[in-house]
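Asker: First the structure, which I've put down as structure tokens, then a few questions once you've had a look.
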Amino acid sequence: MTLARFVLALMLGALPEVVGFDSVLNDSLHHSHRHSPPAGPHYPYYLPTQQRPPRTRPPPPLPRFPRPPRALPAQRPHALQAGHTPRPHPWGCPAGEPWVSVTDFGAPCLRWAEVPPFLERSPPASWAQLRGQRHNFCRSPDGAGRPWCFYGDARGKVDWGYCDCRHGSVRLRGGKNEFEGTVEVYASGVWGTVCSSHWDDSDASVICHQLQLGGKGIAKQTPFSGLGLIPIYWSNVRCRGDEENILLCEKDIWQGGVCPQKMAAAVTCSFSHGPTFPIIRLAGGSSVHEGRVELYHAGQWGTVCDDQWDDADAEVICRQLGLSGIAKAWHQAYFGEGSGPVMLDEVRCTGNELSIEQCPKSSWGEHNCGHKEDAGVSCTPLTDGVIRLAGGKGSHEGRLEVYYRGQWGTVCDDGWTELNTYVVCRQLGFKYGKQASANHFEESTGPIWLDDVSCSGKETRFLQCSRRQWGRHDCSHREDVSIACYPGGEGHRLSLGFPVRLMDGENKKEGRVEVFINGQWGTICDDGWTDKDAAVICRQLGYKGPARARTMAYFGEGKGPIHVDNVKCTGNERSLADCIKQDIGRHNCRHSEDAGVICDYFGKKASGNSNKESLSSVCGLRLLHRRQKRIIGGKNSLRGGWPWQVSLRLKSSHGDGRLLCGATLLSSCWVLTAAHCFKRYGNSTRSYAVRVGDYHTLVPEEFEEEIGVQQIVIHREYRPDRSDYDIALVRLQGPEEQCARFSSHVLPACLPLWRERPQKTASNCYITGWGDTGRAYSRTLQQAAIPLLPKRFCEERYKGRFTGRMLCAGNLHEHKRVDSCQGDSGGPLMCERPGESWVVYGVTSWGYGCGVKDSPGVYTKVSAFVPWIKSVTKL
């Protein structure tokens, strides 16, 4: 596999161990406008308790060569159905709503024929039927289940978004029965109305047909004064009368102003005798918004059995009662047992019906239930602080969302613990719960409302927990809290011994293991810590994939007590508590031995070769670049964040060679370092080895590889008694361009252009290595941001020692002394070019002490040696 094809495979999601690559490659080029939709039509009316529809406008012209900013939905084989006229498809929105053409945040979809470069990047068989299609209806050509489409953002970039299949749904409100009322349309997550201008019977007939209330409708009008605050979506609707959905009619987007006569569109459908909806009431609740569902039928009140009772049924009940807010189903006589007959069983609503009478169900009085199974609902009004779980199979699981100022938003998982989960599930009416993996549920597109939430476990409501102010966070939606709650019973009990959390990892699936014992969080000593122990921890946290143990404070040293030592799991236990054989608090360890884990670990090596043709286009990619806050101003680097960082090691008879110098990978077989690294031990190739893919110097990892040295090339002008020409190349052992195996953790850096002036082209510069941290040499790879300085600083400070083949970099401020000591001799000084490729501009060479005031570090200027490097390496 060539390096170019390897990187393309990573872009298409073919290699499971690569996470976040798309954001690295494309964030600066394409940003989803989910957080700030483009400006567009004005909505003069809107509901105070619902989200205002996102503003949209037609997309700007497409870029000439658009590239997808993130991975498309995962490819799955699925046979597409041909046909030019859009009809209900199993791979689009469900039957009845196949004409949806906007994303769930309101952006209009592009026609499929307008984005051929995207389709050409995917397997042809999966996309063949969409090429050339002029429609822009939401589809799911990859068979992923949820339809999506491409859209254009305000900067002319192309992105993709999931669609809301309820968009365009209609209902009638305020009539004497279900066959008449004001027309309300569902768009962008909010119900709104239609201005009555040019509203006629053809338009009304389409509404009646869409609601399956007959094929003929009579146009009516309703005064806006009686509707309250509600958005107006359309005006001048112009249906022929034979359309199957109001979305297919010509119409104008409402642009504000005054609707003629201040009247909203309404209809009366033509059925002369329609079904009579049963009378419903809620009983046994603490307010009018909740209770046991009771129906009046055949002269008496009765209950509903909870067999197959879910939130879709609850939504219909709330709608029929005229109650807005969050609809939630309750089971097992949650609001007490009723009396009288059990009226209905096996109710299976889709959630779009106007009445329970329209839902599939048993015959009246036919059931196999007792009153212990009476169904209930709650229709919780939307007030600030209301919580819900969204995106799951039911109200018991999903993404945690909080309602605030008319909009649902998510909660960041920073510092999230099982105690927080207990409080959430308890407020939602469940006894137990656990944090779920975020990839089980789709990412949100709304705001992130809360961060750094900390509950004691005694709170009765989620908002009683300590937290940041509303909207203050440093997170992305990849860090949204997801939860699965359980109703109770031994099979769902989550109180499995002690609460467990993972701290200081790069994501919530990894980190230092901490347990909550005797009211205090503490760590676990790594004595005897193995993958079997890690598997139990990950299982307790809800992760099902492979688990890997990490030792020696791999994720940093914890604070507080060391609770547990000598854990002995077989790998089959349900919780950590089943593995503890030693008294709590008894140990002989320090925090430098804190245990850690990585859950859902997929560490397959991906082999690949570099070659001259592909190297220039794919070098300098940080495929595992993740959260920016962990990089800017940080010390510990991201694992795999600097994939070209390698170490030159001195071989020993014990096989545990000492780290001698840092170095930079330029290709599969060539490494760049400093000439002075060979001054003490000579240039015999048998004395050295090069380690690639390293992060923690004492913990072997799957991507790590130690390779012998075949050739050492020191610049011919270098003299050991001087610092000029301090540059060398090392050829690794192996066949041509097949020495180091490329992976997400092992990739080459880019070379600068000959005589390129980095101050003119580079920003965001870093030095990396296992160098001095102020206390000792680090076990984990360090990084430090460092500014490039004008050469006059070093010329004045170092006089004749500083030449034109050197760079000057460092921070001259008293409180920010960062220089080459925090890297390694021979290690890279990397800067980011526009377009997110990283270039090795300097090789760590020399300086006066570590962090000495007014003594910046000096680096060999790589751009001055590009012709020499290319002549030696043939790159």
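Yeah, the Cβs are placed from backbone N, Cα and C, and that goes for glycine too.
Keep in mind it's a predicted model, so treat the numbers as computed, not measured.
Features from Swiss-Prot:
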- HIS676: active site, charge relay system (ACT_SITE)
- ASP726: active site, charge relay system (ACT_SITE)
- SER825: active site, charge relay system (ACT_SITE)
- 387-487: domain 'SRCR 3' (DOMAIN)
- 631-874: domain 'Peptidase S1' (DOMAIN)
- 1-20: signal peptide (SIGNAL)
Asker: In whole Å, how far does the CA atom of SER825 (active site, charge relay system) lie from that of HIS676 (active site, charge relay system)?
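Answerer: Cα of SER825 (active site, charge relay system) to Cα of HIS676 (active site, charge relay system) measures 8 Å after rounding.
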Asker: Return the residues near HIS676 (active site, charge relay system), defined as same-chain residues 6+ apart in sequence whose C-beta is under 8 angstroms from its C-beta, sorted by sequence, else 'none'.
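Answerer: Once residues fewer than 6 apart are set aside, HIS676 (active site, charge relay system) is near PRO720, SER723, ASP726, SER825, GLY826, SER845, TRP846.
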Asker: If you count the other Cβ atoms within 10 Å of each Cβ, which of the active-site residues ASP726, SER825 comes out on top?
Answerer: ASP726
Asker: With H, G and I counted as helix, E and B as strand and the rest as coil, say where DSSP puts HIS676 (active site, charge relay system).
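Answerer: In three-state terms, HIS676 (active site, charge relay system) counts as helix.
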